[in-house]
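Features reported for this protein in Swiss-Prot:
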| type | residues | note |
| --- | --- | --- |
| BINDING | CYS681, CYS684, HIS702, CYS705 | Zn(2+) 1 binding site |
| COILED | 912-996 | coiled coil |
| COMPBIAS | 659-668 | compositional bias 'Pro residues' |
| COMPBIAS | 745-767 | compositional bias 'Polar residues' |
| COMPBIAS | 851-868 | compositional bias 'Acidic residues' |
| DOMAIN | 507-611 | domain 'Calponin-homology (CH)' |
| DOMAIN | 679-741 | domain 'LIM zinc-binding' |
| DOMAIN | 905-1047 | domain 'bMERB' |
| MOD_RES | THR475 | phosphothreonine |
| SITE | LYS816 | site 'Important for interaction with ARHGAP26 AND ARHGAP10' |
Amino acid sequence: MASPTSTNPAHDHFETFVQAQLCQDVLSSFQGLCRALGVESGGGLPQYHKIKAQLNYWSAKSLWAKLDKRASQPAYQQGQACTNTKCLVVGAGPCGLRAAVELALLGARVVLVEKRTKFSRHNVLHLWPFTIHDLRALGAKKFYGRFCTGTLDHISIRQLQLLLLKVALLLGVEIHWGFTFTGLQPPPKKGSGWRARIQPSPPAQLASYEFDVLISAGGGKFVPEGFTIREMRGKLAIGITANFVNGRTVEETQVPEISGVARIYNQKFFQSLLKATGIDLENIVYYKDDTHYFVMTAKKQCLLRLGVLRQDLPETDQLLGKANVVPEALQQFARAAADFATQGKLGKLEFAQDARGRPDVAAFDFTSMMRSESSARIQEKHGARLLLGLVGDCLVEPFWPLGTGVARGFLAAFDAAWMVKRWAEGTGPLELLAERESLYQLLSQTSPENMHRNVAQYGLDPATRYPNLNLRAVTPNQVQDLYDIMDKEHARKKSDETDARKTTTGSAGTEELLHWCQEQTAGFPGVSVTDFSSSWADGRALCALVHRLQPGLLEPSELQGMSALEATAWALRVAEYELGIIPVLSAQAVVAGSDPLGLIAYLSHFHSAFKNTPHSSGLVSQPHGTPSAILFLGKLQRSLQRTRTKVEEETPCTEEPPVSEPSVPPALPSEHEEAGAEDVCELCGKRLYILERFCVDGHFFHRGCFCCRTCEATLRPGGYGQYPGDGYFYCLQHLPQEDQKEADNNGSPENQELPTPGDSTTQSGPSSPVPPVTEASPVPSPSQPARRLIRLSSVERLRLSSLNIIPDSGVEPPPKPPRSCLDLAQESLKSSFMGWGVLRAPQVPEAIEKGEEEEEEEEEEEEEEEELPPPLALEVEQSLLTLAKNSGDMTKYPTWRRTLMRRAKEEEMKRFCKAQAIQRRLNEIEAAMRELETEGMKLEVALRKESSSPEKQKKLWLEQLLQLIQKKNSLVTEEAELMITVQELDLEEKQRQLDHEFRGINREETLKTQADRLSEDRVLRKLLDVVNQRDALIQFQEERRLREMPV
């Protein structure tokens, strides 16, 4: 067997090339290798075959085997699929290089231009399972021996670029460094082709290069002309990245990485951080690679308070500009946060140096993310067609905590290469673009959970990666505007079609709503709906609507003797409590007919939720989407407040009692009171427009005003509480607690029981969200007068009447205390090993070659990754992790121990990514709602103004306002669903922490003190409460899933 240090100098060049850790070293060693072998670089696949033929010793052969295995996939057709295709790739980032590799494997000629001359970015990227397998298949372990050797799967951008650069060079990609692509140069005449405009003046070979495919991977700030970019904006979010020198000492290697800590479910960590350092964060991540890499999201007020930002400026670019950021304070901020997160175990933190020799710490803005409206275009001039495709950040900017940049970037690179293959096969332009856009629709929805589980089968063909693939989701007619024949003009036609489509879409909005209301209320005596004002004044139409949608709640016979105001107020309450329809106007306004716009907005909620429900159905219907989720969250919120009030009443107090909240709804206003209470925010006293109205228990606020008293965070259903001592609202993190006794009596938010779905027997009336000014009186009951004496609201009475009284003899006995989770873990572990036979360490020959040993270890890791066992339950997973860390027996099974540790970290990362995605989307929804509110305010002012505007114009404004209301309804739908998931994540984290705490105090009964028993009992009660809450949540989700299944 040949030795790399033998007489063949090419072996030395190859080993230097493989081990090179700087961009310039890679290029120089590869040029030396090509000279030694007499091969011209940049020659495509023929160059690769020449190099492989002359380097046949063991170290090189292991790499060739991997690359050949990839190239043998059917989609590449042995490198003959695109032999006549010429491609230009812009950008040598990870996605650009990955696209270049795929195009080279297809046999295309690939030229890549990059404006930089070296790789210097230390930031660490999280990797999805398929990206790990993909990079291993390209020889990642050969080029970078520490690739994914820790408990977290990640790699620095610089190392990723280096290994992909080496593969691209071996496959014959021609790379030009230090040149910037500035635009396209169309063919001047028939018979010529497309060229690139490049700065500075390129060599003749590059300047004259004509290509028919352009793949742009130039980053988010560069998108070729013709593509439309859409901004996805959220609340202000300031990210901070910091890279510290990794000395690779024993102490540093033992510091655990942090897959992600998010405030959305782990508030104690951030409270401790704030108390110890004064730093207020939303999240923090710590990875170890070439550097110690930290990334975190900081709050603006904290940065201002600690002097990191000099002053508060309205524009984000100015706020985070060099002139407004204090470098020394920023470094101190990042160092303190990193030191606290790692408990000071990294010792003295020294910043790594960036490309300019400065400390590698930066503050950046990810308030908004850019996304291209389309992923590809085709331009044609003088008969020459050019296919343009986007990959990487210029296609979709990633959200850093989720690890989506590399994963979706690689997927986009595969999809773009597949598009080029189809282009080379002669697929028609519109058909090709339709297929590409169908794939693009899937990209933003992809996650490790909804892709094919077997990552070993992933290839260029999209069917190997995406389950339930539909390449005809987008039709050719929908992508005609992406095919640009530059000799013709389509812009005006497209604009006219768009305007006509908008007008047609909105023209039937109010008419459709009115017709639907007429259908739902038809047949009820005394009800005739003809408009959005007087037809609803007596309350009968609204009661009829509620009765039709959910029979049994509002019987028409019960309306006898009720005033219009009482009937309307009753219907509003029942719709809120039983259907989840939040009011946007008061009962007075409905009766007076003074706010038809508000009534339209309110009725549109019914229409959105029940428009697909047959109005002739006699079954009790349940709303889909918003109302079902809001109904559940509303019950949770009332349960939270009711339990706190109960604890306060049971707690003896020697001081002056705080203002108590009534257990019945606020008093109904008299018919003589002035209507329009919903027009003014009860917190700021300013005017409320329809789209701004946020209702809590009959009181109206601006969404921006309804925030935490302490941190000013937006409050959402299920995530806040009202403190009776001052009447203010707080997020659960800052909700004032009474004392430990109250906490033990389940008074804290974490002990609140989630309402059981469909349970209408445990709900009391809501409490007033503001300190009451006058004593509350009960809602008049529509039943017998004697009922009024017990001061029950109508909703409470209805729930009480639906109770099924059964004897207690059939009630199950109290649950037994659970067995130790550690015992369950040990049993699970034993059963996992059953049937394996005797486990022995593999017999390794003493004279094995080092390269063969490394190859065998790498194959073991790949097999372990490809054949993952099915996921375990959360509790068992955590217990197995504890056992893996603490049990001496696990040393006998290092593979299992490594697998358990990795899977536990993966579960942490999944929760973190899910929480961050939710937080990001909630911020985007909030920003979108503010924009809708601004637009709606302008339209509402125009509609309410006494002006001489023609009726046609007013009707158009009304339709536009209804469209905005419907958009807001959709956003509220999504927000409610996300808040359900927030509850799920929070309960999972609480159960994990309580389970860990319970294991820590669980010991032999003879060794327990009285304090131990009390602590164990307290933790056990909390744990059982959380389990019950999770059970209620799962039951709710299952019931909703069954409702949504097609009959």
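Each residue, glycine too, has its Cβ placed from N, Cα and C.
Shown here: features listed in Swiss-Prot, placed on the structure.
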residue: THR475; record: phosphothreonine; CB count, 10 Å: 13
residue: CYS681; record: Zn(2+) 1 binding site; CB count, 10 Å: 21
residue: CYS684; record: Zn(2+) 1 binding site; CB count, 10 Å: 12
residue: HIS702; record: Zn(2+) 1 binding site; CB count, 10 Å: 19
residue: CYS705; record: Zn(2+) 1 binding site; CB count, 10 Å: 16
Residue pair HIS702 (Zn(2+) 1 binding site), THR475 (phosphothreonine) - Cα distance, angstrom, rounded: 42
Helix, strand or coil at THR475 (phosphothreonine) [DSSP, three-state]: coil
Residue among binding-site residues CYS681, CYS684, CYS705 with Cα closest to the Cα of THR475 (phosphothreonine): CYS705
Listed in sequence order, residues not in CYS681, CYS684, HIS702, CYS705 with Cβ within 8 Å of the centre of the Zn(2+) 1 site Cβ atoms: GLU682, LEU683, GLY685, LYS686, LEU688, PHE701, GLY704, PHE706
